Structures are given as structure tokens and as C-alpha cells.
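Database features, via TrEMBL:
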| type | residues | note |
| --- | --- | --- |
| DOMAIN | 31-483 | domain 'Major facilitator superfamily (MFS) profile' |
| TRANSMEM | 97-118 | transmembrane segment |
| TRANSMEM | 130-151 | transmembrane segment |
| TRANSMEM | 157-185 | transmembrane segment |
| TRANSMEM | 197-216 | transmembrane segment |
| TRANSMEM | 222-242 | transmembrane segment |
| TRANSMEM | 290-310 | transmembrane segment |
| TRANSMEM | 330-348 | transmembrane segment |
| TRANSMEM | 360-379 | transmembrane segment |
| TRANSMEM | 385-413 | transmembrane segment |
| TRANSMEM | 425-447 | transmembrane segment |
| TRANSMEM | 459-479 | transmembrane segment |
Amino acid sequence: MRSTKPPGIHLFECVQGSPLSLRTCQALVLVLTFFSYSSYHAARKTTSVVKGVLDPKTSNLGLLHWPRCLNIDKLPTAESNTVLYGGWAPFDSRNGAALLGDIDLAFLAIYAIGIFFVGHIGDRVDLRILLTIGMIGTGLFTAAFGAGYWLDIHSFYYFLGIQLIAGLFQSTGWPSVVAVVGNWFGKKKRGLIMGIWNAHTSVGNISGSLIAAALLKFGWGWSFVVPGVMIASVGLIVFLFLPAGPEATGEDDHLEDFSKNEIGTPLLEGQTEVTEKPVGFVEALRIPGVVPFALCLFFCKLVAYTFLYWLPFYISHTAVGGKYLSDSAAGALSTLFDLGGVIGGILAGHISDRLDARALTAASFTFSAMPALFFYRVYGSISLYWNTILMFVTGMLVNGPYALITTAVCADLGTHSSLRGNSRALATVTAIIDGTGSAGAAVGPLLTGYISAKSWTAVFAMLIVAALVAGLLLSRLVMAEVSAKLESQRSAAATGLPVSSVAGA
């Protein structure tokens, strides 16, 4: 047993010897990492809501009718929007949309680059400290973007620089939280558990949208400052209470008992007592499935992040039933896409668990997203009700494979049998897959900033092609999974055993 323990809560001391000790720690880890990454996305989402204020529409628009129970009809209309918000230089110029696209590119490009390095670092340092630094830094620079409102800053390079630094701090989030959860949870129902846990992305997007939209009437700067303060506060809580792994509690003698607990079986079963060396990028790239899933995620995140950054803008600039929503109402309405994403992530995780086929599940969702994107563009403008239904379904199909790959698939590959029990690969594998995906997340919003100025139909055509390519990239893995299933059925028929028995042999 180690003689020293890191700062923070040590639950094993409180419930040592209790059968609930591991479950209590697991619950704490799930809650803290859930709210941690929710706050990351809440801080990230504000830009998409404020875009319509920085680059306002010039036409005289009205408010689209909305069910009274949601009180959206009480929000400022687009008519009053031109009075309340006159735009903000330099984004109110003719090329304002392109400038906003450049801001998104700066953030996501440095995020994609940073995530590779963070994953490499994450397997070598205390993940709790890494998360804390990232969250407080993200909060500081998110608030600094909003400070431009009160400081009357109109320099494009100020906002560009702030987003570059904010993106670097944001890159600490995903590899860290996946590695922490991976340290505490085993393979049993991993897809379902991580699918539910991955709702933090949508919860963060929803809360970020609602908070930013509600604060617009006080000045767009508050839409950045408040989420910035929130993520910094959560970061302090993470520092005080998050156990990054069972060994962080200082109770290594109990690790052997954990493996006897079916619910708490660690991801890496059968670990030896040898000193583990961190896995390098080249070795991680050689793990079967890492490259195709990473490339698939590139196109999945291209689609998902285009919606993340541009959906409120698209809604407020597109007539639905002949009328338009205000920027605040569009931001609130866009949360339905994220609600669909919650369901999609859970469904994808559950289905992949039942089928034991991650690639087949992910590919099925991406191919199904293609008609959903087409129908949302063509029929979403008929009425508000059609818009909400199609937006929800699209969110479910777009975010389903994105959630599955960034959670359960990363955990599967980060603990692949080829690693021979090495526990110091989770963050590196996660960084490779999500870092590649984040490159797509940078490309999608950037292209949208330029293409949308000419045609939103062209934007949706780009998204449909991206979904198609994402599914095709998994074709070899899908064929391998289907072949394995057919072989299991043939073996079961030959031996007279159930298919599940043969598959688990």
C-alpha cells in the first residue's frame, strides 16, 4: 500500500470493507465526470447562440408561433432583435458569417491538435490535476471572450486569439474523462452505461444554449461570462473530490477484491504486477480498429459539430411556416436536436451491447442519418411541428454513432487484447480517435460559414455526403462482425449450444 495519498476525497476510508465501497466510488466518478464534461460543452455552445447577435439579419422578420406551454412566444421577436442587437463589429460586416466560421476553425483546429498531446500526457500524469487546469483555464478564456462586450473590443484578432487559447484548454476534457471512467468500469454493459453517461454532451449543449439565450437580453457578454464561471467552479469541485482511479484512493490492497465484483470489474482484467510503460502513438495506431473508427469519427463530428455551431443560426435565418424565430427562441428550439442526441447515444450503446457489434451499429446509424438530413432540410420548413420532429430524429441519428465511438469504442480499443493488460493506453487511444474526429469538427463549421452564404441546401448536401463516407469507412469492420456472427451461428448449430455460449467461449 502506498504511504502517501493525493488530495481529495478517499471514499474507501469512509466505507472500507463495505460491499458498497466500489459502487459508491463509481457513482461519484460518473457524477463528477458527467458534470465536468457537461460544463465543457456548455461553455463551448455559447458561441453558436450569440452568432445571430454578432451578425444580425437585416430583413424585417416576425416571430414563429410556438406552443404556449413552452413560453417561447414570450421571447423577443426577430423584429425587436434588430433594435436590441445592432450587431458587433467586425462580425456585422458583409463577410460576418465567414469571420465567425474562422473563429470556429481557430477553436476547433487548436482543440484537435491539443487533444493528441493531452492524450499522450494524460497517460502519464494525474488526470484530476489535468482536468482541473483545463476547466479553470477554459472558464477564464470563455469569460475573456465575453469581456470584449464591456471593454468595447472590435478587433477580430482579439476574439481569434481568445478562442485559440480556449480551444487548447478545452482539449483537456475528453481524453481525461474517458480515461477516468475507463479506470473504474468494466466491459459488462459498457455500451449502455457509457451511452447514458455520454448524455453529458447533450446536457451541456442544452444548458449552454438555454443559459446563453436567456442572458442575451442583458448583453451578449453575459452569455460567455456565466458559463465561464460555471466550468471554473466545477473544476474546483473536481480537484477536491475526483478519484482518478482505484489507486488514487491509496487503498491498493483492495484492488484485488474489486475484480471479484461483477459490477466493478476494472476495464483491464488480469493485470500483472509488472511496471507498465505508456503506449506510444505508433503502437496505439496499430491496434486493430483504431484507424477506421478514427476516420469514421472525422466525418461523424463534421456533421455533429456543424449542427452544434450553426443550428441556432440556421433556424433563425430560415422561414418555418413562412415566419422566423428570434435569436433567443432559435437557441432554445435547437436544444431538441441535443435531446434527440441523448436518446441516440443510449440506443446506440444498448443496441451495440445486445449485438456485440460496435461497427455495425455505428454504420447503421450513419446511413440512417442521410435521409433524416434530407427530410429536415426539405420538410423542416413546412411547420414548427414538422421541424421539431425531424430535428429530434436527426439529432438521434447524427449523435448516436458519435457518442458510441467516443465512449464505448474508445474504451474497447484502449483495453484491446493486443495491449496485454497495459492500463496506460486509454487516454492515448481516445486522443487519437477523438483528435481525428475533432479535425472533422473544425472542417464542418468552417465550410458551413462559407457555403451557407450561398446556399443552405449545399450545406446539407455536404453533410449527407459526410454521413455516407463515415458509414463506408466502417464497411470492413462491419463485414468482419457479420462474418463472426455467422460463424458463431454455424458453430452453435454444429454443437447444439446456444449462440451466446459459442460467442463467449
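Just so you know, glycine gets a Cβ as well, placed from its N, Cα and C.
On the 0 to 100 pLDDT scale, the domain 'Major facilitator superfamily (MFS) profile' (31-483) averages 81 in the predicted structure. Here the transmembrane segment (197-216) sits against the transmembrane segment (385-413); at least 3 CB pairs are under 8 Å, leaving out pairs fewer than 6 apart in sequence. Same-chain residues lying 6 or more positions outside the transmembrane segment (425-447) and placing a CB less than 8 Å from one of its CB atoms are 101-102, 104-105, 107-109, 111-113, 115-123, 127, 171, 174-176, 178-179, 182-183, 267, 278-281, 284-285, 287, 290, 293-295, 297-306, 308-310, 402, 405-406, 409-411, 413-415, 419, 459, 462-463, 466. Beyond the transmembrane segment (385-413), the same-chain residues lying 6 or more positions past its ends with a Cβ under 8 Å from any Cβ of the stretch are 174, 178, 181-182, 185, 187, 190-191, 194-195, 197-198, 201-202, 267, 287, 289-290, 293, 296-297, 300-301, 303-304, 307, 315, 320, 333-334, 336-345, 347-349, 352, 358, 361-363, 365-366, 368-369, 372-373, 375-376, 379, 426, 429-430, 433-434, 437, 467, 470.
Long-range contacts of the transmembrane segment (360-379) within the same chain, counting only residues at least 6 positions beyond its ends with a Cβ under 8 Å from a Cβ of the stretch, are 293, 296, 299-300, 303, 344, 348, 351-352, 386-387, 390-391, 393-394, 397-398, 400-401, 404-405, 409, 456-457, 460, 463-464, 467-468, 470-471, 474-475, 478, 481-482.
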